[in-house]
Structures are given as C-alpha cells and as structure tokens.
Amino acid sequence: MSNISSSQLSWIGSVQLMLVLSVGLFSGRLYDTGYFYHLMIGGAFLFVFSLFMLSLTSPGQYYQVFLAQGIGAGLAIGIMYIPGIAVVSHYFQRRRTFAMGIATSGSGLGGTVQPIMLNRLFYGRVGFNNGVRISAAFNAGVLIIALLLMRTRLPSTPKKDGSTLLHMRTFFREGPYVATIVGTIFVLAGLYFPIFFLQLSAIKNGIDPDLAFYVLPVLNAFTILGRVIPSLFVHRMGIYNFMIPCVTSCGILIYCTLTVKTVAATFTIALLYGLFVGAYVGFLAPMVGSLAKQDSEMGARMGICFAFTGFGGLVGNPIAGALLTSSYLWWRPSLFAGLCVTCGAILFTLARFGVARQKGTQRV
C-alpha cells in the first residue's frame, strides 16, 4: 500500500490499539462475573479467524486490511487482554505486581520473533498470503496452549443490572483514579510514536532498509527486560514511584528522536525506549489494579480505565502522521508525542500524591 499516506496507515494500528483497550469496558466486567473461558475461547477464535482473513486481502485494498487487522484483530485481542492479565491476580497477593509483570513479558517476545519470521516469509518463496496463514497457524497453536494452562481460582461476583455504570459513578469520585485515567489517555496518545515511526525515520536518514527493519524487533526484545527486571523491585518502591520516572524517560527519549541520524543512535534509542515502554505497558494494569479496594473490582477498574485510554491510542498516531506530512517534518510529531507523554507523567504524579494520602504511606 505504497500509495497510502502515513496518517492513513497509522489508523489501522490506532484503531486496533483503541479496540484492544476499549473492549475491556465489557470484557473486564464479564471476567469479574465468571465468563473467563467464554472470553478467552471466543477471543482466540476471532483472532485466528482475522489473521486468515488478512491472508485473503488483495494488494492495495486498504479497507480489507483495515477490517481484518484493525477491527477484527483489535476486537479479538481486546476480548482476551484483561481476562488474560487479571487472572494472574487470582494466584498472587503479596507479589502480584511481579507476577503480572512476568505474565505481560510474553508480548515482547512475540513482538521480537514474529516480525522477523514474517519478514523472512513475506520476502522469501512463501509470499505474503501464505506467510500470514503460517502466522495464523502458529498463533492458533500458542493460544491453544494458553487456553489449556489458564484457570480461574477465586469465585466470581454476582452480575447486577447497571453494575458498570454503578462502578463508574463510584470510581469517578476518586481523584487518584480519575487522574490516572486522564494520564493514561495523554501517555498513549504519544507513547507509540517511536514504535510506529522510528523505523521509517531510520530509512529516511539513509540507513539500509534491511538493517532498519531490525529496529522494531530490537525495541520489542528490550521490552521483555523492561517488564521482567523491574518486577523484582517494584513492589518495594511502589508502583507509582516507579511508573512516574519511567513515563518521564519515555518523553525524554521521544524528544531525543529528533537528533537520531546514525545507525548507532537509532538502535540506542530503540533499546532504551524498549526498556521504558515495556515497563510502562507491563505495569499499567497492576498500577490501575492497585487502586482496587477488593479483588472483585479488579476487572472493572481496568476495563473502565482502558476504555477511556483507548481514545488516546485512537487519535495519537494519526495526528502524528498528519503532522509529519509528506515532507517528513519530524520535529512536529516528535514535539506532539513528547508533550503528550510529559502531560501524562504530570498527571500520574498528582495521582501518586492522592494515593499516598489515602494509604498513609509514600511507598505507592
């Protein structure tokens, strides 16, 4: 789809990201009321189906890719995302943050392996269509293993009419929760700019495309470390105390992308950004979950927060793509994304003070 603008292409990933998060408004509540297996099996089936549909798309047909990858895959991942993360909390209380950080590290591994695998398939003898089918079969196998291994342990909460609205009214009376939600909207509006555009920036700066391809796998590989290593100490320092400098570092690195011109600088930014963005994505759910008064609220709090957060993911990258223009004015989207993430860090700081006051401790 070489005739499609950067802004138009980014809508595919942005809509997918929005659905991944916003569907949590429903999947989180359904998870709390005992529909874990229904959600996981249904989401897994839809995801594999969407990949097979992607393999049937015709060259240059934007709407076909948008429907399969943006809508279908986004809905599928959104259905599974919160149940797949929240079920870990059934088995861990004291080291919950550590366990959830480990659980989310798998996406970093997939984000490292699959782009390399798909690149080899697409540009080898297999081609795009069969390459996507192989990927669909691979993902089906991995999802079957996951479905066989995951089990709920705690009892579900009774379903009540209007319970989601009741939860929203209750949660939105809490200043730290509201500040956290607004902060995540701002962060997500800018956070994915390097992930979507750093590879393109490298190519436009004269880096060999075959080498520039590995920018994203390197970034994803370091997200694994960003999720696993902090799991060892986050519970000691407090999750807000960890997330605030983490998000601030992401903002600084986004500003630094303006100075990236060489191979060494590009990959340095990629690995550092991977560390911090991996930590943020990995510990976002535990941060929101830490505001829950009881375990039965976990799915609802995450779902409501992520539903609003999805708006930032929806508009952020298309705005960045539009600011970039066909003239590739990199300072404009970099400034926009950096300011969004910085605003998010400020709001997390405000939320942190509120949580510390409520809990009577600075280790929050």
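Numbers here mean position along the shown chain, with the first residue as 1.
A Cβ is built for glycine as well, from the same backbone N, Cα and C atoms used for every other residue.
Look at TrEMBL and you will find 1-364 tagged as domain 'Major facilitator superfamily (MFS) profile'. Annotated transmembrane segment per TrEMBL: 6-28, 35-56, 62-86, 98-118, 130-150, 177-199, 211-230, 242-264, 270-292, 304-329, 335-355, in sequence order.
Listed as Cβ neighbours of the transmembrane segment (6-28) (distance under 8 Å, sequence separation of 6 or more from its ends, same chain) are residues 39, 43, 62, 65-66, 69-71, 73-75, 77-83, 86, 164, 188, 192, 196-197, 200, 299-304, 306-307, 309-311, 313-318, 320-322, 324.
Beyond its flanks by at least six residues, the transmembrane segment (62-86) meets 1, 4, 8, 11-13, 15-24, 27-28, 30-31, 36, 39-40, 42-44, 46-47, 49-51, 53-54, 56, 100, 103-104, 146, 150, 285, 289, 298-299, 302-303, 306 of its own chain at Cβ-Cβ distances under 8 Å.
Contact between the transmembrane segment (35-56) and the transmembrane segment (270-292) is not supported: fewer than 3 Cβ pairs lie under 8 Å, counting only residues 6 or more apart in sequence. Same-chain residues lying 6 or more positions outside the transmembrane segment (304-329) and placing a CB less than 8 Å from one of its CB atoms are 5-11, 13-15, 17-25, 28, 81-82, 164, 167-168, 171, 177, 180-181, 184-193, 196-197, 204, 288, 336-337, 340. Outside the transmembrane segment (270-292), and at least 6 residues removed from its termini, the chain residues within Cβ reach (under 8 Å) are 82, 85-86, 89, 96-97, 100-101, 104-105, 107-108, 174, 176-177, 180, 184, 187, 191, 194-195, 198, 215-216, 218-227, 230-231, 234, 239-240, 242-243, 246-247, 249-250, 253-254, 298, 301-302, 305-306, 355, 364. For the transmembrane segment (98-118), the list of distant contacts is 84-85, 88-89, 91-92, 131-132, 135, 138, 213-214, 216-217, 220-224, 226-228, 230-232, 234-235, 274, 278, 281-283, 285-286, 289: same-chain residues at least six beyond its ends, Cβ to Cβ under 8 Å.
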